[in-house]
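> Below is one structure. I have some questions about it.
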Amino acid sequence: MELKNDLFLKAAKGEQVSRVPVWMMRQAGRILPEYRKVREQAGSFIKLATTPEMAAEVTIQPVDILGVDAAIIFSDILVVPEAMGLPYEMLEAKGPNFPKTIHTQADIDALVVPDPEDQLSYVLQALDIVKKDLAGRVPLIGFAGAPFTIFCYMVEGKGSKTFSLAKKMLYSEPTLAHQLLQKITDTTIAYLKAQLAHGADLVQIFDSWAGILSPDQYSEFSSPYISQICDAITTHPVTVFAKGAYFAREEIGKMNCEVVGLDWNMNIAESRKLIPNKTLQGNMDPCVLYASFSEIEKHTVAMLDAFGKQRYIANLGHGVYPDTDPEKVKCFIETVKAY
Ligand SMILES: Cc1c2[nH]c(c1CCC(=O)O)Cc1[nH]c(c(CCC(=O)O)c1C)Cc1[nH]c(c(CCC(=O)O)c1C)Cc1[nH]c(c(C)c1CCC(=O)O)C2
């Protein structure tokens, strides 16, 4: 199926575009009343994520309602640990929780490297439906967590400001940590390849907790595993988004990926210098969307001026916050499109 709007993919591949493409991390979610309705029907986040028809419906909502230039498959990075043998629950107002966590060699040995067509078939079915229903309107983004970020949840068992339990393993049991990271990496490569086989046009790797590592630890425990994934995916473009890893921009810029995501702590001009010859994505502070319409326009235009029109995909510097007014989101998207 030929794409009617291929701005996002063209920009990702470094081709000339007639205008800057735009989408938002977490665009499929609680900002939209239409999402909350389907979420209520499903009864729980996990039920929604594991029911392909419903997941497909909320994936397409932001394309129809917000007018973004790409869809991102509705799922979660935590489906990977689940498929490896660590089920999770999503606690209301608290976030993810893993009743069982990883601490010993025996724990790691008990994990499987699953066949995605088997344990993750519900995500692949959702991709099939979205691809068909989008009918080429916009490209479809697949995703997974970076191995280090998934490691954080598998060891810590829940969200944390410091992830000190997970980091403890890096310092006290580095050999075990590397074994676990490799198992996650093997799973992630097979999973992302399956998403691409089921119609994803690009895959994004979310290293949401990169910023808790020192530069040396990042080079030892995170970047080599992301590099393995980038090297294994040769058929489609890849985006690496390492939140908080301003110190690793040069290193990430050398990876075999086409796009690098930036958060709002990262200076745009400096990032262009540190990451030459790649497309950049980002990076407005999601809190700008709490401001007035005129402030939002001002900040969006300033961001566009700083990035330039080519080799650039407009986005926020992290996921949109759930209490953001969808009209403010539309203002951001329309300002990019009119630029
Ligand atoms: C760290 C991480 C997670 N999940 C994800 C990350 C990496 C990106 C980032 O750093 O934000 C990725 C993710 N999670 C979700 C998507 C869907 C696609 C999209 O629109 O971007 C994506 C890309 C849906 C979701 N994942 C989650 C929700 C909210 C749950 C709900 O609707 O009840 C959604 C829409 C739940 C989730 N999932 C996760 C947490 C910590 C939480 C709870 C926090 C919260 O409530 O926002 C883990």
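Glycine is no exception: its Cβ is also placed from the backbone N, Cα and C atoms.
Okay, so TrEMBL annotates it like this:
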| type | residues | note |
| --- | --- | --- |
| BINDING | Arg26, Gln27, Ala28, Gly29, Arg30, Asp76, Tyr153, Ser208, His318 | substrate binding site |
| DOMAIN | 21-30 | domain 'Uroporphyrinogen decarboxylase (URO-D)' |
| DOMAIN | 141-157 | domain 'Uroporphyrinogen decarboxylase (URO-D)' |
| SITE | Asp76 | site 'Transition state stabilizer' |
> Please name the residue among the binding-site residues Arg26, Arg30 whose C-beta has the most neighbouring C-beta atoms within 10 angstroms.
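The residue with the most neighbouring Cβ atoms within 10 Å is Arg26.
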> For a quick check of understanding: given the listed substrate-binding residues Arg26, Gln27, Ala28, Gly29, Arg30, Asp76, Tyr153, Ser208, His318, what is the maximum Cα-Cα distance in angstrom, as an integer?
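Roughly 23 Å, rounded to the nearest whole number.
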> Cα distance, Asp76 (site 'Transition state stabilizer') to His318 (substrate binding site), nearest Å?
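So the alpha carbons of His318 (substrate binding site) and Asp76 (site 'Transition state stabilizer') sit roughly 15 Å from each other.
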> When neighbour density is defined as the number of other C-beta atoms within 10 angstroms of a residue's C-beta, which of the recorded positions Ala28, Asp76, Tyr153, His318 has the lowest density?
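Least crowded of the recorded positions Ala28, Asp76, Tyr153, His318, by Cβ count within 10 Å, is Asp76.
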> Does DSSP put Asp76 (site 'Transition state stabilizer') in a helix, in a strand, or in coil?
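Going by the DSSP assignment, Asp76 (site 'Transition state stabilizer') belongs to neither helix nor strand, so it counts as coil.
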> Using C-alpha atoms only, work out the spacing between Arg30 (substrate binding site) and Asp76 (site 'Transition state stabilizer') and round it to an integer in Å.
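Per the Cα atoms, Arg30 (substrate binding site) and Asp76 (site 'Transition state stabilizer') stand 14 Å apart.
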> Between the Cα atoms of Asp76 (site 'Transition state stabilizer') and Arg26 (substrate binding site), what distance do you get, rounded to the nearest Å?
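Pair distance, Cα basis, whole Å: 10 Å.
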> Which whole-number mean pLDDT does the model give the domain 'Uroporphyrinogen decarboxylase (URO-D)' (21-30)?
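Average per-residue pLDDT within the domain 'Uroporphyrinogen decarboxylase (URO-D)' (21-30): 96.
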